[in-house]
Amino acid sequence: MTELTPGIAAPLGAYYDGNGINFSLYSAHATGVELCLFDEQQREVRLPLATRSGDIWHGYLPGGKPGQRYGYRVHGPFDPAQGLRFNPNKLLLDPAARAVEGPVADDPYLHGGYDRPDRHDSAELMPKCVVIDEAYDWQDDCPPATPWGKTVIYEAHVRGLTLQHPEIPQVLRGSFAALGHPVMIAYFKRLGITALELLPVQQHSSEPRLQRLGLINYWGYNVLAPYAPDNRYSSLRTDMTPLREFRDAVKALHKAGIEVILDVVFNHSAELDTDGPTLSLRGIDNPGYYWLTPDGGYVNDTGCGNTLRLDQPQGVAWVMDCLRFWVGECHVDGFRFDLGSVLGRTPAFDRDAPLFQAMLADDLLSRCKLIAEPWDIGPGGYQVGEFPGRFAEWNDHYRDDMRRFWLQGDISLGQFAQRFAASSDLFNQRGRAPYASINMLTAHDGFTLQDLVSFSRKHNQLNGEGNRDGSDRNFSNNHGVEGPIADDAIVQRRRASRQALLATLLLSQGTPMLLAGDEHGHSQQGNNNAYCQDNAITWLDWATADDSLTAYTAALIHLRQQIPALQHDRWWQEGDGNVQWLNAQGQSLSAQQWEQGDLQLQICLSQRWLVVVNATQQAVEMTLPAGDWQLVAPFTQEDSRAVLPAWNQAAHSICVLVKKK
């Protein structure tokens, strides 16, 4: 009979040291823990995890090898009104598992029980944790450490980005390996992006509701095992594990100077609400991991059924250990925190919350880019501009105001300039820098750029929610007809709007984030919440990509990298030579023009680059500042130099000129 020796309390999870496996699990309220080992025939051996150090239960399995499948059964009181939901009939996943095998089924046997513990054993239906050998040869890999001022982020989905790429071997498409394939790296370099921000790559499951509809959670925000690379993104080659494949991709991207940022989910878990399955945290230490209501229910500040509690030492330690794993063992360069306000709840939002303090003080995380989605749906959850220290934040003010400027025409030049200048009204405080504003026009959540100019309302019927899901506040404009099919005049107006929006994004101060596919003209057919569409709606179609738009985008990124005012990451000040704001006549704007003037503007950057903006319905003749000006790529206008200093700027357009030295 296999027996455990005491082992050690750290690290959490299952760690193979070359001679055996150390198992370590946190539970403050349990009365007992059983380690459950499974062979290839799913036969189970239960071993008491008898040694307890504080609230950590641990044991060592001599001779244990990588590939060992395991889970836990945790004993303790079942008293939902007090927040306690222990049920040893339910096999539980290790919250620190490095690998997980098998899907989560939609089955009532996974439920832990309502008023009394459910008696059905869930082991046969449950995924199993898998012990891995974490050794890896990183060779001479080192982080690119791109300065914020030079950073251009590209948000992408591992599967959707490469699944239909004709130049990538079919066995690799949609996988981690495809991200590091020479074809993709060459594309990233041509485009000019410096950081790849990946939608969640951690092992996740699809909600029971989606499974019943024949859909899946495509985006991956229903995270099951935050340490484990998702098997769905493995090429399934016999000599390759998901972790090794992910590391190989990171190493290849780093060699090309491209950073890797992970979208991580520490706001809720895949266990959902009281009707959800008992898979891990709920059965291990429910009150330790979740915010609970006075009657033992779940606080739902996330809209996903539960809210993780991260104000206590163990919750902080769990998240920190996970982040350190991804940085230390996988060499990632940063994180984007989904519904990031949850990280600072105590339960009200506090920028000095324990988790924030731990992250900002950690030596390993000090080199990482930290990006918050600065809201959740709970009380006081909207916290744009309020995150601490080195955090950057998704700026929805930028997104909405720039859409309104170009597609609705209902904001002032002053508002436009405020957003163009890194939203200093939101971020120029407490010593923060312009990079803190993550400027975006689109993201995975919402319309693509092509749909933004082709649809005036959402079309989410395929999601199975009666088109009730997704935002109705899009500030989009179909330019005269709903949908992709339109006459040439409308197509041209849409193209002009796309170009103006892209130029604005890539020439604004702050950190630009480009949604993968926007440079192709990718459409999701009007679906602005395609979280459950693992099909041609979300997969990029490389065969039909708009190559001219891609070239236009790449030229804009190249232009951005030439303008010092966009690189040095310091707030623009009056008279510092970084920016000068001029009206159509080449004069300083009056207060009235800032608030009520026509949407026409000249922005001189670094005393040499002139951004000419006309968001009105008609062409306008502008008087350029003194100097010998020349149009720069990607902008074109026949015989433009012949009419200087008068300049005729087309309706709904933007261009850049450079002053000859």
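Using the three backbone atoms N, Cα and C, a Cβ is placed for every residue, glycine included.
Keep in mind it's a predicted model, so treat the numbers as computed, not measured.
Taken residue by residue with DSSP, Asp338 (active site, nucleophile) is part of neither helix nor strand, so it is coil. Counting only same-chain residues six or more apart in sequence, the Cβ atoms lying under 8 angstroms from the Cβ of Asp338 (active site, nucleophile) belong to Pro200, Tyr221, Asp263, Val264, Val265, Phe266, Asn267, Glu373. Swiss-Prot lists Asp338 with the feature active site, nucleophile.
Residue environment of Glu373 (active site, proton donor) contains 22 other Cβ atoms, counted within 10 Å of its Cβ in all protein chains. Secondary structure at Glu373 (active site, proton donor), as computed by DSSP, is coil. Sequence annotations record features per position, and here Swiss-Prot assigns active site, proton donor to Glu373 based on sequence analysis.
The site 'Transition state stabilizer' annotation in Swiss-Prot covers Asp445. Counting Cβ atoms from all protein chains shown, Asp445 (site 'Transition state stabilizer') has 19 others lying within 10 Å of its own Cβ.
Below 8 angstroms of C-beta separation, residues 210, 213, 215, 400, 403-404, 407-408, 446-447, 451-454, 487, 490, 493-494, 497, 526-533, 537 of the same chain, each at least six residues beyond the ends of the region 'Disordered' (460-481), sit close to that stretch. Annotation source Swiss-Prot lists region 'Disordered' at 460-481.
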